[in-house]
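Student: Handing you a structure now.
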Amino acid sequence: MIMGRFALLLFLAFSSLQLLCFAADDDDAVFYDSFEESFDGRWIVSDKDDYKGVWKHSKSEGHDDYGLLVSEKARKYAIVKELDEPVSLKEGTAVLQFETRFQNGLECGGAYLKYLRPQEAGWKPKEFDNESPYAIMFGPDKCGLTNKVHFILKHKNPKSGEYVEHHLGNQPTVPSDKLTHVYTAILRPNNEVRILVDGEEKAKANFLSAEDFDPPLIPSKTIPDPVEKKPKDWDDKAKFPDPSAVKPDDWDEDAPMEIEDKEAVKPEGWLDNEPEEIDDPEASKPDDWDEEEDGEWEAPKIDNPKCATAPGCGEWKRPMKPNPDFKGRWHPPLIDNPNYKGIWKPRDIPNPKYFELDKPDFELIAAIGIEIWTMQDGILFDNILIAKNEKVAKSYRDTQWMPKFEIEKKKQKAEEADGSYELEGLQKKVFDVLYKVADIPFLSEYKLRIIDFIERAETQPNLTIGLLVSVVVLIITILFMLISGGKKQPKVEKKTEVAEASNDQGSSGEKGGEGEESKETGGAPRRRRRET
């Protein structure tokens, strides 16, 4: 009898402990939205004119789970949810977590959240925009050369009163697939922040470390004096041309870099009387060609088939070779400057904005906002959580995110098996490499042109290998131009101009109909005017 009562008491105590733990976990979830119910009446869409993107309450593709959907391409979106009570991040652990899915794949879009300060800081829900003051910005963003999971802390300098954006230095890259991913930021009381992607740690930093945030939260103690100017008599040239040097008598500045190779012999079988190109025998003048309006019609040119089996066609000329006597322009040698004082820099003075800090002075979080400008649709937000316990965040990942992710992974493997996903993955890897190539310093002059071409190609939903090859050919052409110093034979130069004109018309979209007619007539130019 006594043992039975003891067992009953033990059971009741254990059950009470479980209820207490559950209640504690429930309290640790400060805010949670699963979007199972419509966001209407709970989230506020911005009325600002710039934000025309339409939000929808929609199911995640392949699931019965609902989320907040970005429904249109090339739009600005802004929506905000006010919290019942502002949340303080200053005491204990704080966890920010949410799910996002690029249902159409990641091409060019952001999916980050802004954790907003109270409205007393100067914003209104109906006027929410990119200027609304936030405390933390967190989430994925990829477009062009940008590929990172943002973590930005806006921190107030107590000396100047200025709010400064501090960017996490080691920002993880964004998964570029169509799966649901969960992003977690854990802020600990020891000044540590951890960034997890799908529950796996991708970055770890200390808020007060000068190496972990850019710029550091704690400013440097000294700064260069902004008022001090370099003395007029300060000589910072380490070397200068020797004024006593004289150009040698045998130095020929006019000698060419290349000379004709006198030893070269015309290859046997060279077709002197055959042109490299001939009129296309299969081309015919369009029936609606008007010579008064269009000028004299000329058949398009094609490569002469006879030249394909010969060493060459047309007039043969000896090739050029490097000139052994070439020296270029003469310059006097450089000698040490006896008046050299070194590189001048202003003296350091105490930084008026310097302050010491034991812990970040986090602002209160009063609302959660999504403010993005995206070039693609199909971005789905779900399971937005603010918690005071890491275990609570993990439980939501295990119960809400993981089941969906496992289903999506199985579907992805099935697509990989039939090869469709493998090609898509290859294309994304190629684009990543091409963006890195565009960032090479000696290609800086052509960088914008390369990136524009890549981005236009990247946004094509049904990308082909031929388009990838075109991008590679563009870069190789630029490399060739740089190596050859921009020299071209007159004939090639003419073709290049025609090609560039075609590209300009294609990008502007003004000549689309004309291009379609050309295609129907066997590739012949639709309009070809005689020169006047």
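From the backbone N, Cα and C atoms, a Cβ is placed for every residue, glycine too.
As the structure is a computational prediction, the values presented were derived from the model and not from experiment.
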Student: The disulfide recorded in TrEMBL for CYS143 goes to which of CYS21, CYS108?
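Tutor: Between CYS143 and the options CYS21, CYS108, TrEMBL records the bond with CYS108.
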Student: Mind tallying the compositional bias 'Acidic residues' (288-297) by DSSP state, helix then strand then coil?
Tutor: 4 helix, 0 strand, 6 coil
Student: From the DSSP assignment alone, can you count helix, strand and coil residues within the compositional bias 'Acidic residues' (250-261)?
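Tutor: Helix, strand, coil within the compositional bias 'Acidic residues' (250-261): 0 helix, 3 strand, 9 coil.
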Student: What parts of the chain pack near the compositional bias 'Acidic residues' (250-261), using Cβ distances under 8 Å and only residues at least 6 beyond its ends?
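Tutor: Tertiary neighbours of the compositional bias 'Acidic residues' (250-261) are 318-323, 325-330.
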Student: Have a look around CYS108 (disulfide bond) and count the other CB atoms within 10 A of its CB, chains all included.
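Tutor: Excluding its own Cβ, the number within 10 Å is 18.
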